[in-house]
Amino acid sequence: MDINTREIAIKILTDINQNNAFSNIATNKHIPDGVASQDENFIREITYGVLENKIYIDYILSKLSKIKIKKIHPIIMEILRIGVYQILFMDRVPNSAAVNESVNLAKKYGHKGSIGFVNGVLRSLIRDKDNIIKIDDKDYECYLSIKYSHPIYMVKSITNDYGIEFTEEILKSNNERPNLNIRVNTLKTEKEVLMSKLTDYGFQVLEGNYGKNTLIIKNPSNITKVKEFNDGYFTIQDESSQLVSQIMNPNPNSFVLDVCSAPGGKATHMAQIMDNKGKILARDFYNHKIELINENSKRLGIDIIETEVYDAIKRDETLIEKVDYVLLDAPCSGLGLIRRKPEIRWNRKEEDIKELTNLQWNILNTVKNYVKNHGILVYSTCTILKEENINMINRFLELNKEFRLMPFGKELKTKENLNTINEGYIQLFPHIHGTDGFFIAKMIKEI
Ligand SMILES: C[S@@+](CC[C@H](N)C(=O)[O-])C[C@H]1O[C@@H](n2cnc3c(N)ncnc32)[C@H](O)[C@@H]1O
């Protein structure tokens, strides 16, 4: 198939940067079916590379351009960004190709002036590269913000929680590409059997560290096209997310409530742990997302999940002290997913964090009422900020003495680098655990 890979990358980036599209959805939308895998990899590398390095690339461009970069036409800006990315980060692309291809795109999408402009900016970078790439900012937080391309408020918030050195490790790992993780559906197959089938197809498969049924796929291209996916032998889910249901560890025949459930990753996993026996009430605020839970349950051969559109903030009198296990997998800032969805750093605004912590607090204080005496409440997020995680839980426990954190451990394959499990919670980080950034707290109610 004859395609212009760089032009597709520009379309994806424009969709993400102008329309706030999600990177995974935009890439799937613009990469045509049947494209050669090396072309697909090239498009993904440029797209994700530009998203991950946007502040740094724009910093470089602001040094090179006589026009203020805010005034440059959005498409020309994307053409320049992919040009700079190829010159600075992709050794295998010759500088001449990076410039010529960018100029060709400027011919197609710009006017005469923009052709010379793109050509001039990229050639100046090549000429004086060693000087241009230096970051001159003396303030270390600002320096980190440019070097690892994270908004300054994010750098400050993370530094506030973890200190500057740990923050640098986090930011660095956010720019590394994660492996795809899958969860074996033990209702339909066994881990070893699936591993061997996927290996036969040519996938490189490793076992997860912490997840009992986690497999790590090194070369995941087209994995959802195999028959075993369609037949529900596995589902795509990060290892960290798999630990939530594993730590909850609900007994078969119990009653589980999952209040923020879509698309059903954790609900279907709990059903698997319960051997598809008992009842899971899976709720979400959005009707269209509820459909995803139903589709996933069907594919995975699960029939104990009942779905319902329901606003978790609204108190449900019919469930008071009726539920054995309540899961609040809360809507959150998502800062633990940045390596998978680099656009989170551009779409998530500082003011969102306060709004989200209020929402989390309100939902937590509603759903606590559904837990039976001796029942379990698990609170989880895919973020690393303490105000959404351990600080919120400590505040909750201070005001709700009938709950306490419950130590866990045997539910995990290994306890390596998980030194808070005896305190009843864990905070995972990509650079330490190799997973997404995730928080999980397990509480028991005892009156
Ligand atoms: C972190 S995601 C849940 C992921 C899900 N537990 C899984 O494992 O697949 C948070 C979910 O909360 C839902 N949500 C947001 N506000 C809500 C509310 N007020 N009531 C119920 N669900 C809500 C969102 O639609 C989103 O699906």
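A Cβ is built for glycine as well, from the same backbone N, Cα and C atoms used for every other residue.
Source: prediction; values computed, not measured.
Per TrEMBL, the feature active site, nucleophile maps to C382. Sequence-distant contacts of C382 (active site, nucleophile), defined by Cβ-Cβ distance under 8 angstroms and a gap of at least six in the same chain, are S240, S241, C332, G334, G336, L337, D436, G437, F438.
Taking the Cβ of D311 (S-adenosyl-L-methionine binding site) as centre and 10 Å as the limit, one finds 12 other Cβ atoms among all the protein chains shown. Annotation comment: TrEMBL describes C260, S261, A262, P263, G264, G265, K266, D284, D311, D329 as S-adenosyl-L-methionine binding site.
Taken from TrEMBL, the feature domain 'SAM-dependent MTase RsmB/NOP-type' applies to 170-446.
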What kind of secondary structure is K266 (S-adenosyl-L-methionine binding site) part of, going by DSSP in three states?
helix
Averaged across the domain 'SAM-dependent MTase RsmB/NOP-type' (170-446), what pLDDT does the model get? Just tell me the whole number, please.
97
List, in sequence order, the same-chain residues at least six positions removed whose CB sits under 8 Å from that of K266 (S-adenosyl-L-methionine binding site)?
S241, V244, S245, M248, D258, L327, D329, S380
Using DSSP and collapsing to three states, where does C260 (S-adenosyl-L-methionine binding site) fall: helix, strand or coil?
coil
I want to verify one value. Collapsing DSSP to three states, which class is C382 (active site, nucleophile)?
coil
If you draw a 10 Å sphere on the Cβ of A262 (S-adenosyl-L-methionine binding site), how many other Cβ atoms land inside?
24
